[in-house]
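> There's a structure below that I have some questions on.
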Amino acid sequence: MAPVQAGSHGFDYDLVVIGGGSGGLAAAKEAVSLGKKVAVLDFVDPSPRGTTWGLGGTCVNVGCIPKKLFHQAALLGESLHDAGCFGWNIPERKSISLDWAKLRESVQNHIKSVNWVLRVELRDKKVEYINARGSLIDTHTVHAKLKNGSERELKTEHVLLAMGGRPIYPDIPGAVENCITSDDIFSLPEAPGKTLVIGAGYIGLECAGFLNEFGMDATVMVRSTVLRGFDQQMAGLISEEMKSRGVKFLHKTVPVRMDKQADGKIKVTWKSLENNSESSDLFDTVLMATGRRPLTLEVKADQVGVKLHPESKKVVSEKELTNIPNIFAVGDILEGKPELTPVAIQAGKLLAQRLYNNGKIEMDYDNVATTVFTPLEYGCCGLSEEEAIRRHGDDNIEVYHAFYKPTEFFVPQRSPARCYMKVVCLRAAPQKVLGMHYTGPQGGEVIQGYAAAIKMGLTMEVLMDTVGIHPTVSEEFTRLWITKRSGIDPTPQSCCS
Ligand SMILES: Cc1cc2nc3c(=O)[nH]c(=O)nc-3n(C[C@H](O)[C@H](O)[C@H](O)COP(=O)(O)OP(=O)(O)OC[C@H]3O[C@@H](n4cnc5c(N)ncnc54)[C@H](O)[C@@H]3O)c2cc1C
């Protein structure tokens, strides 16, 4: 087949994408499907531990996918216990243990197969994949430094920045040398053992959650807020649930230094933010989960004039367009947008449609559903209760809520104490739904469909008029009738709630 020609603009390419992750690949594939000549540059700097990976970006290699597989391994451990109660002949729980090396190998094999499929897909679709570190020379020229040291200059009409981010290490002695991050955990050769997770965002909680389920000692260090940005009542339920399962929390503390001991353990010294007192303990592994930084300075975006947020260094954009007319950006590097894979993908596809197919649809960053994959999952869509009150005022908000008992918890007598849901809506009829929150089994599966309903303007009246599927956990949303304002106890009275 003849090579694809770039348009009549005089550049070698129609589009050069820096970053072959969720957003970059989606945009590149969409653009070639519209007949454009596209190159994607992807390059992974090894983590300080030396971990590196293939094409596909964070989600595929060190994010959503390995995380969900480790979460699944944790859920299976719990299900094994349940299975005994349902009549399966299962050995004593104490004698069941996780083979870390096997888990790691299975997950890494899957990732390698995805890396391969992605490369083949790019080749078949005629996206030019260049395994090179990209940076901007000027607004139409991308410099590519290939793995073998050779260099290229790519002249292009449009540039798409899609470099994603990498974990942050705090500036304290011993942090970089002694800590791992989510970049390393899923490919660690040895089981991490007694682990301190620093940071209580969703990544920190998810990692502590699965490690604890695997039988490892897990502690979460929290500077201020668990699951900042999420509904705080739900965050409280998740951290209480984790505590009840054995995860320890060090609240209002920050790490001060990390010292490697002769036996390989790491002595972590931390400080209380309440009284400044110092404490310390020994850990086999310290996992830093204190946030991620965008890779914008590395590509010299600022040097060609792309406007970055002064603090976060993320790209300030309007409809994925930067302040430079031919430079666009998608994904985790965008200021003020959710850092989620489907968000990056959707934004990338829609952008390509608008650029090359006269598309009119803009990315809607509101009401994006998400799930925290802690052992008891937390799925949500829309506003937190705090944010709804902030925007509309307490008097104008109604919150319907209930605790419920999942059927699958009855026989194994699992505690349903934190299986809870709430719908935050406007108080005036027909009570437009602003946010839905759920803790329990299958959080993501439960919330996804409701996200479409919220996008279509779901009201509490419609939800109450919806017939549930019995017996499911999701049907409980259709049975909500107790408002917080009423003060009625939302705990179910009967076994079938
Ligand atoms: C542990 C963890 C769990 C997560 N779980 C979920 C989840 O459950 N659900 C969800 O929706 N999201 C999840 N995320 C977030 C999700 O992974 C990101 O939102 C998504 O990957 C962002 O896509 P992106 O295209 O912006 O960047 P990335 O996917 O990060 O891709 C960027 C690519 O660009 C490359 N690159 C960077 N600089 C250059 C350069 N100069 N030249 C060439 N290439 C470069 C990078 O190496 C990378 O391959 C998780 C993230 C983490 C870390």
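Glycine is no exception: its Cβ is also placed from the backbone N, Cα and C atoms.
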> Gly134, Gly291, Gly305: which one does TrEMBL list with Gly199, Ala200, Gly201, Tyr202, Ile203, Gly204, Leu205, Glu206 for the NAD(+) site?
Gly291
> Can you tell which of Cys64, Cys85 is bonded to Cys59 by a disulfide, based on TrEMBL?
Cys64
> Under the DSSP assignment, what numbers of helix, strand and coil residues are found in the domain 'Pyridine nucleotide-disulphide oxidoreductase dimerisation' (368-479)?
39 helix, 33 strand, 40 coil
> Taking only the Cα atoms, work out how far Cys64 (disulfide bond) lies from Ile203 (NAD(+) binding site), in Å, as a whole number.
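Here the two Cα atoms are 10 Å apart.
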> If I take the Cα of Ile203 (NAD(+) binding site) as reference, which of the recorded positions Gly134, Asp332, His470 has the closest Cα?
Asp332
> Using Leu205 (NAD(+) binding site) as the reference point, find which of the recorded positions Cys59, Lys68, His470 has the shortest Cα-to-Cα distance to it.
Lys68
> Taking the Cβ of His470 (active site, proton acceptor) as the centre, how many other Cβ atoms fall within a 10 Å radius?
10
